[in-house]
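What TrEMBL says about this protein:
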{"type": "DOMAIN", "residues": "56-292", "note": "domain 'Radical SAM core'"}
{"type": "BINDING", "residues": "CYS70, CYS74, CYS77", "note": "[4Fe-4S] cluster binding site"}
Amino acid sequence: MEVIGKNHPFADIWKKVQAGIRLTKEDGLRLMKSNDIIALGHMANYVREKKHGHYVFFNTNRHINPTNICQTLCAFCAFGVRMKDPKAYTMSMEEIEHRADMVPSGVTEIHIVGGNNPQLKIDYYEELLRRLKKKLPHVHLKAFTAVELDHFSRVNKMPVDEILRRLIDAGLDSMPGGGAEIFAEQPRSIIADHKTSGERWLEIHEIAHKMGLRSNCTMLYNHIETEEDRIDHLIGLRDLQDRTGGFQTFIPLSWHPENTELIKQYPDLNWSTGFLDLKVLAVARLMLDNIDHIKTYWIQVGTKMAQTALWFGADDLDGTVVEEKIYHAAGAETEQEMAKSELIRLIREAGRIPVERDTLYNIVNTEFAIA
Ligand code: V47
C-alpha cells in the first residue's frame, strides 16, 4: 500500500520531494503543523536514502568545555554561571593538557565550546588550541560557536575575521553549530536576551565559510518558539547555505528545562516528546535540501530515539562524546559517553550500515560496513 497516495493531503509535497523541487515556507508550515508522522518519516527517509543509502556516519570524539563562566546567561541554559558561583570553573592550560593526555588513539575530533567568560582574552584560546595541536597533531579541533567568536571580538576589540585568522593559525579546524537557538527576535529576546542576534550568527558563519572553514548548524526547539519560527529558522540556514555551501550538518536540539531560568518564567513548558523530536527532524531533512547531513545527538534525544531517528531523516549519529556538560547541567539522563562498539550496535540493529567518519566526512573506517 502506498504511504502517500494521490488523495493524501501531502500528495503535492511528495511529488516535489520525489522530483527534487525545493519546498516553500508554506509547504514547511503544513508539514510542521501535521501529526502524520508516518508520512513525514516516509518523505524524510526517501531524501535521506537518496543522499546516503543505508549508511550512518559517526565519529569518535571528545568534548572539552574550558570554562562555564558566562556573562550572557541565557534563560534556557543551565550550563553557564556567574563568576562568583561556587560551580564556576576555568581550566588551566595544565588541565587542558591533562585532558589531551587522556585522549586515546582513534579519537579524530575534539569539540570545544564554553561560556562567554569576560576574563579570558584571545591569547588563552590561542594557547589552548596550540597546546592541544602539539599533543594531538592529527586530531581535528572543532571549536567555538559563532556566539563565542562574537564575544571574543568584543572583548578583544578585534573584528571577527581577525579573531578567526588568529585561531586558525593556532590550530582551529572548523566550527560547531551551537548558539543558533531560534533566529526569530521575539522568542530569542526571551530565551536568550543579550545573546548575539540570529542575523549576526548567520553573518559570522558566512565570514567563516568565506575564510575556508566548514561549520555545523543547529536549531533549539521545544521552548516558546512557534511552528513558523522553526520554518523561518530552517529557511535562514538554507539561504546562507545557497550562498556559501559551508554547512556540513544540521543538528536539531530539543530544549531541556531542568535548572534553567526559563522554566521558572514558563512553568508550563516541558520536556520534548519523541513525537516532536521525530517531526522536527523529518521536516528539517525535507526543508534543508542543500545541507548534506542531519545529525541526531543521542546525548539529548536518548539512545532509543536516536536509533529511531535513523529512519526519520538522520544519517549521522553523534558520537562517542565523553564528558558532556551542557545537557547534563539541564537534566539529561543519558550517559556522558558511549563506547564505539555500542554506537555500532545501535546502528546495525536499526538495519543501517555504520561508517566511521572524521569531522569533514572523510571515511576513517569502513570495516564495520563490510562486516
Ligand atoms: O547552543 C544549551 C543547546 C547547544 C540547553 O556542531 C541546550 O557538531 C537544550 O551546539 N537544553 C550546544 N539545549 C550543543 C551543540 C552541539 C551539540 C552536538 C554537536 C554539535 C556540532 C553541536 O546546546 C547550545 C544550545 O542550543 N543547549 N542548554 C538546554 N538546557
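Here, residue 1 is simply the first one shown, and the rest follow in order.
Note: Cβ is positioned from N, Cα and C throughout, glycine not excepted.
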CYS77 ([4Fe-4S] cluster binding site) falls, by three-state DSSP, under coil
Please give me the CB contact count at 10 A for CYS74 ([4Fe-4S] cluster binding site), counting all chains in the structure. 24
Quick one: give me the count of other CB atoms within 10 A of the CB of CYS70 ([4Fe-4S] cluster binding site). 23
Which residues, in sequence order, are found in the same chain with Cβ within 8 Å of the centroid defined by the Cβ atoms of CYS70, CYS74, CYS77 at the [4Fe-4S] cluster site, excluding those residues themselves? THR72, LEU73, ALA75, PHE76, PHE79, GLY80, GLY115, ALA192, LYS195
Cβ-Cβ distance under 8 Å, sequence separation of 6 or more, same chain as CYS77 ([4Fe-4S] cluster binding site); the residues meeting this, in order, are CYS70, ALA192, THR260, ILE326, ALA329, ALA330
